[in-house]
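**Q** What Swiss-Prot records for this protein is below:
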- 9-33: NAD(+) binding site (BINDING)
- Ser139: substrate binding site (BINDING)
- Tyr165: active site, proton acceptor (ACT_SITE)
Amino acid sequence: MDLTGRRAVVTGGASGLGAETVRALAAAGAEVTVATRRPLSAEPLVQELAAAGGAGRVTAEALDLSDPASVESFARAWRGPLDILVANAGIMALPTRTLAPNGWEMQLATNYLGHFALATGLHAALRDAGSARIVVVSSGAHLDAPFDFEDAHFARRPYDPWVAYGQSKAADVLFTVGARRWAADGITVNALNPGYILTRLQRHVDDETMRAFGVMDDQGNVKPLPYYKTPEQGAATSVLLAASPLLKGVTGRYFEDNQEARTVQGQEDQPGGVAAHALDPEAADRLWEYGTDALRAA
């Protein structure tokens, strides 16, 4: 895998899955920008990779996905073509309904709307690359949470942390379907489920829930279950979608464990898969319009 001369942006690339993605892309020769709310948090990674003497240069820039002004500033400051955009940053299961300053529910703002704004803001740079790729980190949580167009921000329905998270991840998958309109520009967009991994993503999950998931004992010790992946293993599918020549021209798909996932209709005994509601072209087009209107009103 040779990415020499390619330029990449990885959101949330300072730790966890994002950091492993940055390491892999930089090792292959890509010039990588870590887009993070606190650029100083990425300094250890930047220094680590500089000391390693890899081919790809790594830098960090400020980006707050929940703030449209921050996203616009990042996109406006970008110069030249962009070959790879990895929409990796995310938050999960905020215990109470939290709103971004413009009124967006925070999980939807960070996980979907912010990335939609970033991708559309960088569209010209992606187009100019000739064969750019957008990689969207979704989650199996999308399976049971279709996007609610009537009350996406929980203004009227009771707030549920996991429904809010799942809805935002369903939106991520729908974005890949809606982005088929960019295929003529040479831009492919695919989503993935990285699997079960313990990272800072779980920082808002309370101890009771962690115990119910089986990953915390009575003494408060966190222990991954046998089927959990390491961050490096979880990032493998992101790197595959970002760099593998086998996926040239492939767009609007959902992957897990380095292969395209099967489509499922709802809850099934067998885990995994991608929900049919997240691949619905009509819902994808409707969401694209929803996102465009939301950005216009922000």
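Numbering starts at 1 and runs along the chain as displayed.
Using the three backbone atoms N, Cα and C, a Cβ is placed for every residue, glycine included.
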**Q** Out of Val9, Leu25, Ser139, the binding-site residues in the record, which is closest to Tyr165 (active site, proton acceptor) when you go by Cα distance?
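**A** In terms of Cα distance, Tyr165 (active site, proton acceptor) lies closest to Ser139.
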**Q** In whole Å, how far does the CA atom of Thr33 (NAD(+) binding site) lie from that of Ser139 (substrate binding site)?
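**A** If we compare the Cα positions of Thr33 (NAD(+) binding site) and Ser139 (substrate binding site), the gap is 24 Å.
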**Q** Report, as a single number, how many Cβ atoms besides its own are within 10 Å of the Cβ of Val9 (NAD(+) binding site).
**A** 25
**Q** I'd like the Cβ neighbour count for Thr33 (NAD(+) binding site), meaning other Cβ atoms within 10 Å of its Cβ, all protein chains included.
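**A** Total other Cβ atoms inside 10 Å, all chains included: 24.
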**Q** Just give me the nearest neighbour of the residue listed as 'substrate binding site' among the binding-site residues Val9, Gly13, Leu17, Leu25, Cα to Cα.
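**A** The smallest Cα gap between the residue listed as 'substrate binding site' and any of the binding-site residues is with Leu17.
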